[in-house]
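A quick write-up on the structure given underneath.
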Amino acid sequence: MDKFQKPTTLFLYVCLLWFPFAFAGHDYGQALSKSILFFEAQRSGYLPSTQRVKWRANSGLQDGKTSGVDLVGGYYDAGDNVKFGLPMAFTITMMSWSIVEYGQQMAQSGELGHAMEAVKWGTDYLIKAHPEPNVLYGEVGDGNTDHYCWQRPEDMTTDRHAYRIDPNNPGSDLAGETAAAMAAASIVFRRHNPAYSNQLLSHAKQLFYFADKYRGKYDSSIRVAQKYYQSYSGYADELLWAAGWMYQATNEQYYLNYLGNNGDALGGTGWAMTEFGWDVKYVGAQVLAAKFLMQGKAGTHTPVFGKYQQKAEYFMCSCIGKGSRNVQRTPGGLLFRQRWNNLQFVTSSSFLLSVYSDYLTSAGKSLNCAGGTASPAELLNFAKSQVDYILGDNPRATSYMVGYGSNYPQQVHHRASSIVSIKVNPSFVSCRGGYATWFSRKASDPNLLTGAIVGGPDAYDNFADERDNYEQTEPATYNNAPLLGLLARLHAGHNGYNQLLPVALPVSKPVVSQPTPAPRPKVTPVPKRRSTPAPGIFRTF
């Protein structure tokens, strides 16, 4: 035997052993766990005994007090300390939809309890924010004063005024999205906590009625939201989206008729979309209507629901590059909509591709696009490619999920993570002092914002990991919410389940969270840039 043969054989043997692991792909189960953990870092209010993100503490303990209502709790939307109602409700809707579709898969990952707890943290707050049938509080704090300061939530000295909508100051988009969130969450808790589920459904019905009867854009009533979460698309999409969730939660013909009778008038059958997110919900409503059609529930509304389905499929074709007007992609293959927090559109679009792929598989159908036929597997594989890009398969080999992989953002645009924990150093951080001491630091964040999906790269796959680069380094709850279901789906693989069958979530005990009060509030009294360009929509008939 040649003296080099044995070592060479050994080397080849080791390579063959190593090869599958080198190309085994991502640990979607780990990514799922981290993506849920992010929501614990965003919590406002009294933190529970089960809190796993230990560097956070109680905050916002006087929220709502000056308005005579308890608005303690809920989520901070992104890297700031404001509680914005529209994106918070959308976040809850998408987390709930993730569980409705893929709760079985989350249970297999051992994460269903944590996911349900994340939803409940939001819905507990939404219940508080809806103290009367036609009153809904839609914001606590305001972006202008908040963004003037760089403080951890535990030290807030900014104005915590509460803003509301009512019959004289309507907000159909806000009330409609909150109704959708309550309805979707009621499905999540139906088996495990039926009393809570019924409570959510009662609120959802009142809010849907409120949204439909007293019509108007919420940002005309809550004007301080205009610079941050302006409702460019109006409220028609939220009315249809909410009706879809109300029907899925109640099975009541009234809501199916609402979708059927108002599809044309409210634009659900007319708008061909290439985006889906906290502002523009048309595609979400179209996908739900298509699901009802494939389930054989459309009845006399079948022709209208067929038009909804055509628009849903227009969106799918546009995403995978087989449409008549395709979504732009970066050279590295990432869907690209805008330079500001682009990944919000990537995660929400990918989730829709995933669920629609499963609907088509369940119905034994494929997709007919302008650019040719597309199989359900093609939709799912494209959604997977987007998730893989986010997790590190990109030209920069950067993971855009904080704490996942070995190369991820270190200077996240996030007040709480960028300032030393109050548990480590309880010294008060002043409004402007936070900018001088912490915001301007050219060093890694002292607290790891595990699981956060940041804004992401630009149109050319470039990314600058700098704290003041808020367009790329700021995370948001609605970036993560759709990813919960998608990661659970990818982690579980295909097990032959049928997405068109009635939802039957496993009874998984959510984490029991008892608040542990330790009051240390402070109340009193840059602008951020939260506007998105006018949505990419056009009318087709």
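Quick reminder: no glycine exception, Cβ is built from N, Cα and C everywhere.
As annotated by TrEMBL, signal peptide applies to 1-24.
What TrEMBL lists as domain 'Glycoside hydrolase family 9' is 28-487.
There are 25 other CB atoms within 10 A of the CB of HIS413 (active site), with all protein chains counted. Sequence annotations record features per position, and here TrEMBL assigns active site to HIS413 (among others).
Long-range C-beta contacts of ASP465 (active site), restricted to its own chain and to partners at least six residues apart, with a cutoff below 8 Å, comprise PRO409, GLN410, GLN411, THR473. Summarising the annotation, TrEMBL assigns active site to ASP465 (among others).
According to TrEMBL, the active site annotation covers GLU474 (among others). Cβ neighbour count for GLU474 (active site) (all protein chains, 10 Å cutoff from its Cβ): 24.
Under the heading region 'Disordered', TrEMBL lists 511-541.
Across the residues of the domain 'Glycoside hydrolase family 9' (28-487), the predicted structure has a mean pLDDT of 97.
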